[in-house]
């Protein structure tokens, strides 16, 4: 059996930035450090940070006065931000800059009273934070996840609409939903640049290429990782068997019966060490050394928050 690795795969710039922020804050302030929600959706990363003294919370009242709190990469609503700012807390923001871009689009639409349609997944923390940027009661913000949602949607003024997209949404699915929105609301406006982030787009394209060259696809990522789940769905849509695995021990040897070429990729929140462990596990089942497919070289780097630069001097 051969192993082919998707390229690119694994950590994106937003995840690397978020982890870097937390590690620097721990080095400066010492534990415990509080993070609102899981920093990124990967159990290995979360458990590693927890062992370093990070306490993950959902409610702000769980954080004691005088403590340090960090917002996760998914971002938070205006209400959460206001609640934190009203407390005696030291605040650092690990929100992905590409999520912040979407937040700013929503805030501008809210200020102008433009009704906003968010293409995203119900219950995802990024979606909750994005919806929480809109506070104009004369307008409104609406969440759609499917074509059915589009056809059933009711708005106040069909001539004063815009749409935005969750950064980790499926590229193909969002394209179909946007087409439906434009069909139903001809005057709807979209962002100047697409909201789905570069890493999501690149990893989905890499999986398309991977499925063409392999018999099975293993996606390294946690069950609550939106972008990892999209990679599995995309691979399965090609008719190839595809599995989401949190770690190497999740692999079942019977998956590999009759398989000649195994494809491996990783979601944007999955560290490379997990991919290396998967390769070793596959080799224990008789696979050869891994080869990497040609792909797009990502050079994106996001700067740290300004207030962390000041403290770090």
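Heads up, the Cβ atoms here are built off N, Cα and C, so glycines get one too.
Dimethylallyl diphosphate binding, as stated in Swiss-Prot, involves 41, 74, 124, 225, 226, 227; the candidate among 146, 170, 249, 269 given for that site is 269. In the three-state DSSP classification, residue 126 (active site, proton donor) falls within a helix. Note: residue 124 (isopentenyl diphosphate binding site) has non-local neighbours 74, 166, 226, i.e. same-chain residues 6+ apart with C-beta under 8 A of its own C-beta. In sequence order, 167 are the binding-site residues from 41, 167, 225, 269 with a C-alpha within 10 Å of the C-alpha of residue 197 ([4Fe-4S] cluster binding site).
Rounded to the nearest whole angstrom, the C-alpha distance between residue 167 ((2E)-4-hydroxy-3-methylbut-2-enyl diphosphate binding site) and residue 96 ([4Fe-4S] cluster binding site) is 10. For the isopentenyl diphosphate site, whose binding residues are given in the record as 41, 74, 124, 225, 226, 227, 269, the maximum C-alpha distance rounds to 15 Å. Most Cβ neighbours within 10 Å, among the binding-site residues 167, 225, 226, 227, 269: 269 holds that distinction in the structure as shown.
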